[in-house]
Amino acid sequence: MAALGSWALWSFCSRGWSRAASGCRLPGLRSSSPRGPLGARLLSQEKEATETHFGFETVSEEEKGGKVYQVFESVAKKYDVMNDMMSLGIHRVWKDLLLWKMRPFPGTQLLDVAGGTGDIAFRFLNYVQAQHQRKQKKQLRAQQNLSWEEIARKYQNEEDSLGGSRVMVCDINKEMLKIGKQKAHAQGYKAGLAWILGDAEELPFDDDKFDVYTIAFGIRNVTHIDQALQEAHRVLKPGGRFLCLEFSQVNNPLVSRLYDVYSFQVIPVLGEVIAGDWKSYQYLVESIRQFPSQEEFKEMIEDAGFQKVTYENLTSGIVAIHSGFKL
C-alpha cells in the first residue's frame with residue numbers, strides 16, 4: 001500500500017480532543033511537513049519497484065497500493081452487506097470475540113487500523129460504556145446512605161460515559177471512512193471517536209501513544225506487512241497490546257474443501273449480484289490464500305518486536321486472532 005504524502009483528519013469528536021483553530025494538529029499526530037520527522041522519513045525511504053502479489057496476479061509494489069485502494073473504494077457502500085452475506089453473519093461473532101479477548105479497561109486508548117466502517121470501534125465504545133455503567137452502579141450500591149437527590153446528581157454530573165476511553169479509526173481509504181462516519185451519525189456514536197485518514201505502513205501518530213492496536217481483516221491488504229507490524233509496535237505504549245483478526249488457513253481437510261468451493265464459486269457471484277463487482281471479491285478470495293499461515297504470521301509479529309505472541313483459531317481456522325504485547 002503506497003504511503004500517503006500527507007495526512008488528513010477526516011473528522012473527530014469527543015470532549016477534550018477537538019481544536020477550534022484551523023491549522024492546529026491533533027495531539028499525538030505527526031507533522032506532515034517535509035521538514036518534519038515524518039516528511040524526512042518519507043523522503044529518505046524510497047521503495048524499490050519490486051514485485052508482489054495482488055491476489056494471484058503479480059504486480060509491482062507501487063501498483064498494488066493503487067489496486068487495493070480501488071477495490072475498497074468500489075465496495076465501500078456494500079461492504080457491510082457483503083460481509084453479512086459472505087460469512088452468513090458469522091463475522092459479527094468473530095469481531096465480538098476480538099473485543100472479549102481485548103477486555104479493555106477504563107481509560108483505554110485504542111487505535112483501530114483499516115477500520116473504516118467502524119465495526120470494531122462501535123463494539124469497543126459499547127463495551128467500555130457498559131463497563132463504566134456497571135462500575136458506576138456498583139459504587140452507588142455501596143453508598144446506601146445517599147439520598148435520591150444525591151444519586152440523581154451523581155448521574156447528572158457524569159460527563160464522560162466512557163470512563164476516559166477513546167478510539168481512533170485509521171484507514172487509508174476515504175470512501176470507507178465516509179461510510180463509517182455516516183454509520184456513526186446514524187447510530188448515535190459521538191463521544192470518544194475519531195476518524196483519521198492514514199496508512200498502516202506510515203502511521204501519523206507519535207510513539208508510545210495507544211494502549212491497544214487492532215486491525216481486523218486489513219493487514220493482508222498491506223503491501224509491506226512487516227512495516228505495518230513495526231508501526232503497530234512503535235505507536236503502542238510499553239505494555240500495549242496488538243490484536244489482529246484475519247482470515248487464515250483452515251485446519252480441517254473437509255472444511256477446507258467446502259470452504260474452497262464456496263470461496264471461489266459463490267463469493268465472486270455474490271459480489272457481482274449484490275455489489276456489482278466480481279473482480280474485487282475474486283481478489284478478496286485470492287488474497288486470503290496468499291496470506292501467511294498462522295505460524296508464519298506469528299513469527300512475523302515476533303520479528304516486529306512483540307512478545308508473548310499467541311493465536312487462536314476460530315471456525316476451524318477460517319480466521320484467527322493473533323495477540324502480542326510490547327514489553
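Every residue gets a Cβ built from N, Cα and C, even glycine.
Values in this document were obtained by computation on a predicted structure and should not be read as measured data.
Per TrEMBL, the features are as follows:
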SIGNAL    1-23  signal peptide
BINDING   THR117, ASP171, ASP199, ALA200  S-adenosyl-L-methionine binding site
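If you draw a 10 Å sphere around the CB of ASP199 (S-adenosyl-L-methionine binding site), it holds 24 other CB atoms from the protein chains shown. Non-local neighbourhood of ASP171 (S-adenosyl-L-methionine binding site): VAL113, ALA114, GLY115, GLY116, LEU177, GLY180, ILE196, LEU197, GLY198, each in the same chain, at least six residues away, with C-beta under 8 Å from its C-beta. Binding-site extent for S-adenosyl-L-methionine: residues THR117, ASP171, ASP199, ALA200, maximum pairwise Cα distance 16 Å (rounded to the nearest whole number). Over all protein chains present, the Cβ of THR117 (S-adenosyl-L-methionine binding site) has 24 other Cβ atoms lying within 10 Å.
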